[in-house]
Every structure is written in C-alpha cells, then in structure tokens.
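The structure appears right after this line, and notes come after that.
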Amino acid sequence: MRPELRRCRMAEGCMMALRYGMVFFNLLFWLGGCGILGVGVWLSVTQGNFATLSSSLPSLSAANLLIAVGTIIMVIGCLGCVGAVKESRPLLLTFFILLLLIFFLEILSIMLFFIYQDEIDHYAQRDLKKGLQLFGTEGNVGLTNAWMIVQTDFRCCGVTNHTDWFEVYNASRVPDSCCLEYSDNCGLDNPGTWWTAPCYERVKDWLNENLVALWIFALCTALTQVIEAGKLYSTLACSTAR
C-alpha cells in the first residue's frame, strides 16, 4: 500500500472517530440544555418570578437564569453537532469561537469577583434591603416567596439582622417565616421566638462551605471546553489532510 493511500485512510478514520465523538458529546450537551431550559420554563410558569430577591434586577430570577443558560447550551451543542455531521468548517469555527469566548468570560468573572468582593457585598446587601420594602406587596409574589423560603430553609431573618424588617413594617415585627416554630402571626410575638441570624451571612457561609464543589464544577466545565477545542482543531486538521 502506497504511503499516500495509507495516510489518506488514516485521515479518514481519524475524521470519522472525531466526528462521532463530537456528535455524541454535543448531543448530550444539547439534551442537558433542553433539560435546563425545561426546568426554567416550568419554574416561570408555575412559580412566577421565583427566587427573585433583587429589587433593581427583577429579571434576575432562577427561572430566567435557567432559561438563558439552557438556551445558550442548546445553541452551542446544536452548532457542534451540525458542524461535525456536515463537516462544516464555518460552523465548527463558530463553535470554537463561542467556546473560547465563554471560557474567557468565566475567567474574567472569577477575577472580577475576587477583586471587587467587598464592593459586591456592599451593593448586594443594600439592594436586598431595598427589596425588603416590596415584601408582601402586589405584583411581587416571586420576591415574597423567595424571602419566605430563604428564611425558612437557612433559619435566618433579614439581610444583616432581623431588625431590618422593623423598617419595613414600621413596627417591631417580622414575617412569619422568621419564627422558630411557624404559625400564623407568629412574627408579632416575642423576639425570643424568631431566628436572629442574618440571611446574607448564612447564605454566604453556605456558598463558602460548598466552594470546593463549585470549583470542581468550574474546572470540569473548563476542561470540557478545552477537550472540545482540541477535538475541533484535530477535526480541522484531518479535514485538511484528507
């Protein structure tokens, strides 16, 4: 067998293996995006603006975040699948550029978070306290439900102190979700029956405790992107050699 023919067959085998690998991986990627999008739509339909704690960014809800992330994953996965099946260099190049852009945005976000962590804490606390004023008001069911769930699950009350609610009610009372034992109008009882831990610190401590898991997730995401980029380059190289 001539060397040229052997190289050609090796290139074809390389191309086929990489193509099937990319199709399989990006199909899983696309299905994962469908799942995330579906959960986001379900939350949006059934729970309204569930988990909306910010008053200045009312669109920043769990449902909307899941919808946005799911849509992005679906688009990227679709580009990878179609590009690999069609052996389309423009689609594969677009796929690579999107992966590279997301990778750099992740790194930039992490860097900015650590650089401006104090400023972010100050802004978040101020914005959350502002959002307390909308608790229980008409058109803010999502914010109200989110605060009730956070205070119940994390056994906390208010943003930095349970007295944050005193400014909301103009009285020494808190929502019933702040009570050690929930009952109707228990927020009017003695302060000794309320949670006193600040919700902001409780949630922040929970995030710190789970930081290792978050870092592992971020590392796996970055590694996946690097593998995809490597497959892309190899695919383009095989396409050129064929």
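Placement of Cβ uses the backbone N, Cα and C atoms for every residue, glycine included.
Curation does not apply to TrEMBL; its annotations are automatic.
Within the set CYS157, CYS186, the cysteine that TrEMBL bonds to CYS178 via a disulfide is CYS157.
Outside the transmembrane segment (65-85) by six or more residues, the chain places 18-19, 22-23, 25-27, 29-41, 43-44, 91-92, 94-95, 98-99, 102, 228, 235 with a CB less than 8 A from a CB of the stretch.
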